[in-house]
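Annotated features, as they stand in TrEMBL:
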{"type": "TRANSMEM", "residues": "12-33", "note": "transmembrane segment"}
{"type": "TRANSMEM", "residues": "88-107", "note": "transmembrane segment"}
{"type": "TRANSMEM", "residues": "127-148", "note": "transmembrane segment"}
{"type": "TRANSMEM", "residues": "160-179", "note": "transmembrane segment"}
{"type": "TRANSMEM", "residues": "191-209", "note": "transmembrane segment"}
{"type": "TRANSMEM", "residues": "243-264", "note": "transmembrane segment"}
{"type": "TRANSMEM", "residues": "284-305", "note": "transmembrane segment"}
{"type": "TRANSMEM", "residues": "333-352", "note": "transmembrane segment"}
{"type": "TRANSMEM", "residues": "386-408", "note": "transmembrane segment"}
{"type": "TRANSMEM", "residues": "414-438", "note": "transmembrane segment"}
{"type": "TRANSMEM", "residues": "445-465", "note": "transmembrane segment"}
{"type": "TRANSMEM", "residues": "533-555", "note": "transmembrane segment"}
Amino acid sequence: MAKNFNELIWDYAVFILFLMFSTLAPLWSNLCGNKEKKVKSKANYVFAGSVGMFAMMLSIGRGTLGVRTFIGFPSELYYRGAEMWETLYGYVSAYPVVCFIFIPVYFDLGITSVYQYLDMRFKSRIVRCLAAGSFILRQVMNQGITIYTPTVALNTVIGIPYWASLVGLTVISIIFNLLGGLKHAIKADVIQVFTTIAVTVVIIIQGFYKGGGVAKTITTNKEAGRLEFFNFTGDLTTRVDTLSAWMGQFFISMSLFGCQQNFIQRYLSMPSLKKINKMMMSNIPMITVLFSLSWIAGIGIYATYWNCDPLAAGYIKKKDEIVPFFVEDQFDYLPGFLGLFMACLFNGALALQVSNLNSLATVTWEDFLSPMPVFKKLKDKQQVTIIKFVGTVYAILIMGVGFSVGLLSGVIEASMLMTSSTSGSLLGAFLLAILFPIANWKGTAIGMIIAQITTTWLVWGNLVMGKTKKSLLPTSVEGCTNDTFSIDITKPYYNPWLLSKQPLEITSYTYVTQSVQEPESNSPLVNLFSVSYMYYSVFGTLITVVIGVLISALTQSDEDNYESKLVHPLVYKFTQYLPGKKRIYLDSIVKDNAKINISIENDKKPSMHENLAYKNDESDMNKHPQANIFTITKKINDDDNDLTIQKNDDQKSPVKKISIDEKNHGTNVSETYRRIDRD
């Protein structure tokens, strides 16, 4: 199907120019701007700084969907119908839950990694490392799918081997990771979102035009069973229906938006809780539009090829190739559009890769490396160097995962399988921490481990023994003639050497769509393995929470005490009205000798790079130049009337906010005061 170089010269030119622009534009200030603005500190690398709310909305929307939806959703609609479109219900319903439950707890903690919260709540590095490890596993697997997606188009259209595209994308992402930070990744996301919308709208217009107009296009899809919604089968082994689409995606989305580092980094980069909530709720209509555009494009593509399936006719060999095939076939009259389409895919995968490398490296540093003695005394600049090196290692690892994605049947199914199987234990840990005051580290850790083992076992069983009902809808080749496709479209000729360098393809070249034949009866174990992967996140969450609460109730002790701010405010208030013995929180302990009169001698102002919390509260201080935020640790002895103060930064000002961190009642108590001072 690939054209020769002379036919694609305009497309190559557009591809290269757009890729250069979308890569260099976000990095321009770092490459050619003021040296002081370059990413040298950990704060600048990890947080986005003064990025506007609209840009943040686009970045979160972009990070939610990913480039795989650009290719995967139209293919899903053409060959399976619109059931997966109903996962939108889960996305939309998760946003207000995240705003109400998760963000109010995180915002004032001054954390860099969201998994630091679990350490603070449970006083256990085991839970923190389990959660961080779960996040790393999920991101590496999903990102492997993301970077694989554009290789499908590049191979389909211009014959570039999968391995060459994967290596090229990895090299560019490493360079971007070394030069930029989160702020640059967000700028790249903004460019990518607008380009993706423009390209998708053009595809929709062309598809509906070739399909005979809006009314006829929709009628064609309805008659072929592509637009069936609100299908409640009551069968857990059905690949996807309305219930599994909503429930499965709801739990996955809560895990993504509420427990995943790359989203939490963006939330905490904003100046106030009010702005975060406004941004999140405003994102609901945006995510609805972005999510639906690719499905609408699929409607147009089906109406164009309703009686001549390119896969069954032998013009493509994977279902996910139908979108690049459509662009090559339908836009031969528009020089350069094919190149823009390919650049949009390539750059989309690149932008997500850079953003996720940033988050993966940050989590690895904060949760695994920084506590090690060898790294504790490193300067800020040295920490950034190590974080960037870790990001490079992840880029290479993700490339390896990308090579194996061709073994799975479609990017959407592969993505949902991996995401669902790793979401439950992570979400369950955070729900235990935020909503269940009784939960301790023992119950949470055991619950997470059992849940992850269970869902991994289900994934293995599904792949090896499962009989999930995932029938493909019928397609036709009756309308295929010599002039059905563009004159430049031919059945692909594959060089044996080139084939040997590409991943094994599950979908046969001569594949003809048909329904999967189900056996009359199965063993209970096969029935269990046949449960739809959409439910794995639900199972994982329930297992973690139930086991976590039971084990915590059996192993609770006085050492499990923590500050009240580490549970949801409403949960804290609710538990105060319950009968029986009241839970004692650390900040509710009152000592006779605890005085809040603190005398400050030094008026040194901490720099914004040293003080990660400064930006978050700057707007609340009305941008007063003397507003400072920092922590003072005070050691109190019963026999010492003159309090000893150990401080990291200080200034003469009254204490405005106090949070106490103490482990016991009595001597040698340490209190941590988070001060917000306004002169």
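Each residue, glycine too, has its Cβ placed from N, Cα and C.
Simply put, out of 127-148, 191-209, 243-264, 414-438, 533-555, 533-555 has the most Cβ pairs sitting under 8 Å from the transmembrane segment (445-465). Recorded stretches compared: 88-107, 160-179, 191-209, 414-438, 533-555; the one with the most Cβ pairs under 8 Å to the transmembrane segment (127-148) is 414-438. For the transmembrane segment (333-352), the partner stretch with the highest count of Cβ pairs under 8 angstroms, out of 88-107, 160-179, 191-209, 243-264, 533-555, is 191-209.
Residues 236, 239-240, 244-245, 247-249, 251-252, 255, 416-417, 419-425, 427-429, 431-432, 436, 438-440, 442-444, 446-448, 450-452, 454-455, 458-459, 462, 468 of the same chain, all 6+ positions outside the transmembrane segment (533-555), place their C-beta atoms under 8 angstroms from a C-beta of that stretch.
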